[in-house]
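If you check Swiss-Prot, you get these features:
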ACT_SITE  S63  active site, phosphoserine intermediate
BINDING   D13, S63, D438, H439  Mn(2+) 2 binding site
BINDING   H122, R152, D153, R184, R190, R256, A257, D258, R259, K330  substrate binding site
BINDING   D397, H401, H457  Mn(2+) 1 binding site
Amino acid sequence: MKSVTPVLLLILDGFGHRLDGDDNAIALARTPNWDRLRRDHPYGTIDASERAVGLPRGQFGNSEVGHLNIGAGRIVTQDISRIDLDLEEQRFAGNPAFTHAFAAARGHALHILGLLSDGGVHSHENHIHALIRAAQAAGVADIRVHAFLDGRDTPPRSARTYLERLDAVLAECPNARLATVCGRYFAMDRDKRWERVEQAYRLIVDGEAAFQADDGLSALAAAYARDENDEFVRATRIGAPAPMQDGDAVIFMNFRADRARELTSALTDPEFDGFSARQLRLSDYVTLTRYGADYASLSIAYPPQTIRNGFGEYLASQGLRQLRIAETEKYPHVTYFFNGGEETVYPGEDRILVPSPKVATYDLQPEMSAEEVTNRIVEAINSRQYQAIICNYANGDMVGHTGNLPAAIRAVETLDGCINRCVEAMLANGGEVLITADHGNCEQMDDPLHQQPHTQHTTNLVPLCYVGHRPARILEGGALKDIAPTLLALMGLPAPDDMTGHSLVELL
């Protein structure tokens with residue numbers, strides 16, 4: 001085994017760089033440790049959004065994109081950009097997975113599922129609109145749209161705009177109609193809260209719902225009257241019941257996998273046991289991108305790109321040991337996404353999953369499981385088993401998404417103590433620390449344009465702080481792609497040729 005300097009990477013999810021603002025949870029929180037680290041150690045900012053991470057211009061980053069870029073050590077062109085290019089160059093409608101589903105739906109219904117917004121994190125309404133038009137042009141006679149409302153990557157009450165734009169598309173396509181509406185809280189869970197997913201499932205599959213409406217806008221107005229923001233709109237059937245039948249085809253239009261898996265499992269897995277689910281014999285089920293190894297039998301419209309010699313794979317090739325650790329909400333990001341969208345656990349790679357608290361929303365427990373994550377990190381550091389430890393702290397993002405400023409402040413203050421414990425343990429054991437974020441969120445908690453809480457990500461730069469025993473400075477102009485090469489340089493290892501990023505810590 002090579003003798004290297006051990007490193008710890010702390011990824012503070014949703015922790016952007018913004019100096020001022022009376023809605024800035026980071027600036028308002030009491031953070032003596034973070035303040036000291038920024039003051040006494042090399043500190044800078046790096047880019048985590050738009051083209052710097054393979055996204056379209058103007059698109060904020062997210063956890064999946066962030067961890068892909070961090071782990072790859074290069075800009076990874078994101079699925080949204082690949083799909084947008086196909087739309088621009090008029091290849092989208094001819095995608096073989098789509099045309100196969102259109103043919104499979106003849107004599108039956110085609111169900112189009114997806115998050116209806118322009119948030120660009122899990123989906124984009126433009127892709128849904130284009131698919132409806134393509135299905136209509138292909139002669140699909142019965143097209144049913146199941147719209148999941150956002151309010152998390154978009155303002156909390158912004159769905160009217162998206163439903164109006166969908167209505168305009170449906171008016172062009174007489175074979176298509178809106179069949180159901182519900183909030184993403186139910187349809188897009190990722191923490192095995194099956195009681196939520198079941199409500200979306202019963203709505204889509206059985207046409208069962210506590211509420212009915214004649215159209216999407218009426219459904220939304222009724223939900224707002226019940227004081228439900230977009231994310232939490234309860235299952236609502238639009239028009240006559242339209243249950244899913246054997247022989248129907250399904251296309252799930254979310255390009256981000258993590259929040260599409262549970263509903264997909266309920267719809268397709270014959271051994272699904274989260275709740276009582278009907279065994280449907282669908283003619284086709286298309287996922288927009290690959291949702292994981294457990295869904296290998298499903299059709300994929302945009303198969304994954306292959307990323308070789310990312311940070312994890314490269315360390316394994318050098319015979320080094322690494323640890324990935326996060327709580328439930330961000331565990332896939334430090335494992336699957338950090339490894340380039342691969343399920344592979346590399347030789348010498350250990351993983352620790354700390355359960356997230358079972359609360360309805362994380363403003364009810366803004367500390368989340370950060371203390372236990374920290375306990376496990378300190379234990380791992382003191383064991384001296386690992387040459388690299390990769391950790392994600394979820395608090396800034398998950399509490400930031402609630403729009404609750406006091407709770408976000410508590411989340412940041414929790415992180416401040418956790419960061420300090422990790423840094424002290426690492427320095428005591430001869431290691432070095434990089435602290436960064438995958439994207440912004442909790443540094444902006446108010447949306448003055450829409451005059452409501454800001455619950456989505458930001459395009460702000462994110463911090464990069466080096467804490468070690470060597471004098472150094474942070475180079476300017478970096479991005480998330482530079483994190484892996486920086487870690488390798490600190491360890492004393494050359495970066496593989498596949499990595500196009502460069503080290504941002506210049507040792508003096």
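Every residue gets a Cβ built from N, Cα and C, even glycine.
The model shown is predicted, which means the values in this text are computed figures rather than measured ones.
The separation of H439 (Mn(2+) 2 binding site) from A257 (substrate binding site), Cα to Cα, is 18 Å. Spatial neighbours are here defined as Cα atoms within 10 angstroms of one another, and by that definition H439 (Mn(2+) 2 binding site) has no neighbours among the binding-site residues H122, D153, R190, R259, H401. Put simply, of the binding-site residues R190, D438, H457, the one whose Cα is nearest the Cα of S63 (active site, phosphoserine intermediate) is D438. Neighbours of the Mn(2+) 1 site: apart from D397, H401, H457, residues of the same chain with C-beta atoms within 8 angstroms of the site's C-beta centroid are D13, G14, N62, S63, R152, D153, G396, M398, G400, H439, N441, C442, T455, Q456.
Of the chain residues outside the Mn(2+) 2 site list D13, S63, D438, H439, I11, G14, A48, G61, N62, G66, H67, K330, H333, N392, D397, A437, N441, H457 have their Cβ within 8 Å of the site's Cβ mean position. Per-site Cβ counts within 10 Å over the binding-site residues R190, R259, H401, H439, H457 peak at H457.
Neighbour counts of Cβ atoms within 10 Å were compared for the binding-site residues D153, D397, and the top value is held by D397. Applying an 8 A CB threshold to same-chain residues 6+ apart, the list for D13 (Mn(2+) 2 binding site) reads S63, K330, H333, N392, Y393, A394, N395, G396, D397, M398, A437, D438, H439, N441.
The distance from the Cα of H401 (Mn(2+) 1 binding site) to the Cα of R259 (substrate binding site) comes to 15 Å. In the shown protein chains, 26 other C-beta atoms lie within 10 A of the C-beta of H122 (substrate binding site). In the three-state DSSP reading, S63 (active site, phosphoserine intermediate) counts as helix.
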